[in-house]
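Chemist: Quick paste of what Swiss-Prot says about this protein:
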ACT_SITE  103  active site, proton acceptor
BINDING   28, 29, 30, 31, 81, 82, 83, 84, 94, 95, 96, 97, 121  substrate binding site
């Protein structure tokens with residue numbers, strides 16, 4: 001219950017960064033869902049949203065918040081999403097909810113990326129959480145072998161197909177000291193669609209909600 005309260009506080013703290021007339025990029029996951037609830041309170045002030053997943057899109061529609069296809073949007077001022085982990089550099093691990101590729105696309109399109117998390121997600125070294133990788137199905141074994149070669153322990157996320165029609169590997173036992181290098185290295189493996197390491201497109205602002213209040217890293 002305390003964790004959910006902290007997620008909600010972080011989500012509502014992001015509202016002050018929204019400007020009238022904005023089209024807002026919206027992420028996926030439990031913290032992003034709290035942000036969608038908060039966005040509903042100012043839906044008449046914004047132009048609409050771009051969503052990273054079907055689940056988020058459904059919630060936005062339920063609140064009668066307009067949705068746009070990213071290809072229709074010439075300027076996306078802001079993207080708000082949670083993370084599985086985030087460090088002081090605002091590099092993140094994302095993808096527990098299987099929407100990492102679309103999240104990375106929208107984050108890259110946005111002028112400003114705000115990450116909203118509770119304090120349990122703030123770490124000094126990334127890698128405690130599994131690192132998700134979206135993979136073309138025929139390349140799953142090849143990619144797994146390449147990940148083992150760099151010291152990771154990949155596990156196939158059975159029964160999950162991404163909205164892009166691909167599969168997921170969750171990589172355990174990685175201590176990520178150079179996230180920029182590792183993101184590039186994994187992305188260069190044939191068959192990898194996207195890795196849930198957000199270092200080259202780090203957050204611009206991190207909103208971290210803890211027992212002592214809100215901490216902002218910008």
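Counting starts with 1 at the first residue shown.
Every residue gets a Cβ built from N, Cα and C, even glycine.
Relative to the rest of the structure, where do these features sit?
Modeler: Residue 103 (active site, proton acceptor) falls within a helix when secondary structure is assigned with DSSP.
Counting every protein chain shown, the Cβ of residue 81 (substrate binding site) has 30 other Cβ atoms within 10 Å.
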Chemist: Would you work out the biggest C-alpha to C-alpha distance among 28, 29, 30, 31, 81, 82, 83, 84, 94, 95, 96, 97, 121, the residues that bind substrate according to the record, and give it in angstrom as a whole number?
Modeler: 15
Chemist: Just give me the nearest neighbour of residue 103 (active site, proton acceptor) among the binding-site residues 30, 94, 96, Cα to Cα.
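Modeler: Closest by Cα: 94.
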